Amino acid sequence: MNATRRGILTAVPIIGAGVLGVGFWRMLSDMRSGAFDPRAIKNPNVGKPIPSFAMPGLPGLGDGFTDAELKAQHRPVLVNFFASWCIPCVAEMPGLRAISRNMPIWGIAYEDKPENAAGFVQRDGSPYARVASDRHGRVAIDWGVTGVPESFLVAPGGRIIWHGSAALDPQIYEAEIRPRLAGL
Amino acid sequence: MFGPEQGHFALALACVLALVQFAVPLWGANRRDARLVGLAPYLAVSQLIALGYSFLCLIMCAVSDDFSVQNVAANSAVSKPLLYKITGVWGNHEGSVLLWTLILAVCGGAVSLFGRNLPDILRGRVLAILGGVSAGFQMFCLLTSDPFDRVFPAPMDGQGMNPLLQDPGLAFHPPILYTGYVGFAVPFAFAVAALIEGRVDAAWGRWVRPWAVAAWCFLTCGIALGSWWSYYVLGWGGYWFWDPVENASLIPWLTGTALVHSAIVVEKREGLKIWTVLLAIATFSFSLSGTFLVRSGILNSVHAFANDPARGVFILALLAIVIGGSLALFAWRAPSLTSTGLFSPISREGSLVLNNILLCSICAVVVTGTMYPPFMQLLAGRTISVGKPFFDAATIPLTLPLLLAMGVGTALPWKRAQLARTFSHLYAAAGIAAIGLVLCFWKLSGVLPIACGALAIWVIAASASDVLRRIGIGHTSAQGVWERMKHLPRSSWGAALAHIGAGITVLGLCGMSQAQHAIVEVHIGETRSLAGDDWTLLDVHDYIGPNYKAMQADIAIRHNGKLVTILHPEKRDFTTQSQTTTEVAIHTNFITDLYGVVGDRHGTGKDTTYVLRLHRNPLAPWMWLGGLVMAIGGAFSLSDRRMRIGAPKRAAARNMARA
């Protein structure tokens, strides 16, 4: 093997490592600015109208709701999928209660026994304007939910304009949701 | 005496000593000044003492419940058992970084103490490189993740530890795994020192190999222990999830295994020099990057560490210096390393080259699968996940020829082999493998499990028959066999054991591919059958533990009406952390694991039902047993190496005495 070829071959590892390094650096700086979130889940339904559904309510918490009722709203609605068995959902509750002072939140209990979900919602005061039960997770599949908690911002008329896959808190509301409300 | 301030000071002192350990011997080696180079071992040992003291201080803070220390307050509590107060020290980010650097310092100390037969200049340079890496990580510890940070006012009690971590298996997992990761710093330092010196020869191969083997043994044990932990603690019935954190330990293991083999070629044939140097650098680089990726939060893993991009930037800078620097040095100096000798493809060295190609291909697959999702998201903005189907489909076809070659390789002589003669040694093993193939057809389903199973039996049979042939079983008297057994190098025993261990692990994996499970919802007294066994839920009762409430189920398992065992799986609610853990119940006879998990309770009164998860896992214990056998094999060959390294010196001493 001649010297030039050897030189080129031995330079391959550092070039590879350099490319990886630059990539990692970009990821880290984007993570700090919020542009890159490895835990984020892209929902393909963002920008599309909500799927059609009809769900029953939870015991003691009124009737459920349908896609027609959601579309008929004149204000944007935050739709939140939750479950009583989900620890981040427990952590999310105080944040949801704070957000509910600014805008209506409609809850959907995902794969949960109605009595458990009802008890969970009422434990420290419900943040939800309306609650429905998706007992077997069928509606969640149509919405493209991959786990709980996940939330969707639905514009009047029923178009999904934002999706979040983390437990919500007032910071996320201020940074992600409120700016979007202004344009509606 | 052992307070947090003393610990903090000792850490800072160790950092300074490490910087001196980096600078002085390198400078001395350049000036050919023996006194400056000779300082290196003393500096390394002092750094080890300072760091050991610092670590002891952190342990004392945890043991004495000093909640003014942020790290103790966040991870410990008065009610925590003593053992977990101690092991909890390394169960969090700050403490684990301190443990990491401590192990690195132990490696430096070991090179100082056991490396007396090395040329002074080489030892000085090796210690300098280790010191440099140490200094970097101690600075990381001091500047971004100080374990001795204080809180004011100090809380009355700590927040306690994640109950999942309250387990003896996990308590000792990090030290073993880290020793494996960090141990590869020594071959790395040898590689960099050789590049600076511009010389790699057989002696270098002989010096570097024991360090690589030692690190490899620990890494093997660490991976096996981690996999065992996820099997019996997480209660998912799985043992390997191709999770980024698991891959981060598998990648250096694969290149490390290649390194352990290619260093033999350097030692015996003075070949593969550049390649071996690159493997030594790559293995440690992968260990470091694994640590970085896990802690920066770039990879989406179930084993979440507290993520902090600011820390990530610091480690990335550190990586750029260590990895970038060593690879730049490699690109600059490696072309001048000359290789001697050409290999015949059918020879021991030829088979070792094949081993390296296959191991590195598997490694490339795992790296690609692990890095693809974050890079895809960065470049294309799409989120995707790469999972088990990809890894299985891509790695198993590469494993098959690897297993086939493992059986042949040790039977081949160096330089040039005669195929017919080699194969004549392998008839017996091939016969056993053929019987194994029939057995696999009968017991296993699926083409890949059958092929892997038969090849695993082939590896075990060929390795065993190789040793038997060498000690002369069948053509020497009992006396002669005993003599040959004594004289067969320990490294041959070690290689055979390690290969047999690999075969056992693969058999375990094949068995697990046939695992069956069922999720059932039953009333008390109901029976469900799974793969020929009848599982009956006898009773469920509640009890209160030290810091949790538990629900325990009694599940009887009968086979053809005969009671096999009663399992007692539990579900525990930890009230302070509002977390639930499952205590898996496992009955094993070393052929099959019966594995039961109790889940939710539904309904009340007579209608109460319980969700149970029932698993039947054939050959599951073999996976970890094989890992242990591999590590024992490595330790065996290590005991041989040490003696041989000492031998020329002792011979020289004898000659001196005679003269």
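Glycine too: its Cβ is placed from the backbone N, Cα and C atoms.
Summarising the annotation, TrEMBL assigns transmembrane segment to B:6-27, B:97-114, B:126-145, B:176-196, B:208-230, B:250-267, B:274-293, B:353-373, B:393-414, B:426-444, B:493-515, B:619-639 (among others). If you look up TrEMBL, you'll see B:90-296 marked as domain 'Cytochrome c assembly protein'. Residues annotated as domain 'Cytochrome c-type biogenesis protein CcmF C-terminal' in TrEMBL: B:316-641.
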- Query: Do at least three C-beta pairs under 8 angstroms join the transmembrane segment (B:619-639) to the transmembrane segment (B:6-27), pairs 6 or more apart in sequence?
  - Reply: no
- Note on the structure: Outside the transmembrane segment (B:126-145), at least 6 residues beyond either end, the same-chain residues with a Cβ under 8 Å of its Cβ set are 11-12, 14-15, 17-26, 29, 40-41, 43-44, 47, 51, 93-94, 97-98, 100-101, 104-105, 107-108, 111-112, 115, 118, 185-186, 188-190, 192-193, 308, 310-311, 314-315, 318, 321-322
- Message: I'm a bit unsure how to read this: which one of B:250-267, B:274-293, B:353-373, B:393-414 has the highest number of Cβ pairs shorter than 8 Å with the transmembrane segment (B:176-196)?
- Response: B:274-293
- Message: Could you check whether the transmembrane segment (B:493-515) packs against the transmembrane segment (B:353-373) - three or more CB pairs closer than 8 Å, residues at least 6 apart in sequence?
- Response: no
- Message: What residues elsewhere in the chain lie close to the transmembrane segment (B:274-293), defined as a C-beta under 8 angstroms and at least 6 residues from its ends?
- Response: 100, 181-182, 184-185, 187-188, 190-192, 194-195, 200, 205, 208, 212, 244-245, 248-249, 251-252, 255-256, 258-259, 262-263, 265-266, 299, 312, 315-316, 318-319, 322-323, 326-327, 330, 334, 337, 339, 356
- Counting only residues at least 6 beyond its ends, the same-chain positions whose CB falls under 8 A of a CB in the transmembrane segment (B:250-267) are 180-181, 184, 187, 200, 202, 204-206, 208-209, 212-213, 215-216, 219-220, 223, 273, 275-276, 279-280, 282-284, 286-287, 290, 349, 352-353, 355-356, 359-360, 362-363, 366-367, 370, 634
- Using a Cβ-Cβ cut-off of under 8 Å, list the residues of the same chain that are 6+ residues beyond the ends of the transmembrane segment (B:353-373) and lie near it. 242, 244, 247-248, 250-251, 254-255, 257-258, 261-262, 265, 272, 275, 279, 299-300, 343, 383-386, 390-391, 394-395, 398-399, 401-402, 405-406, 409
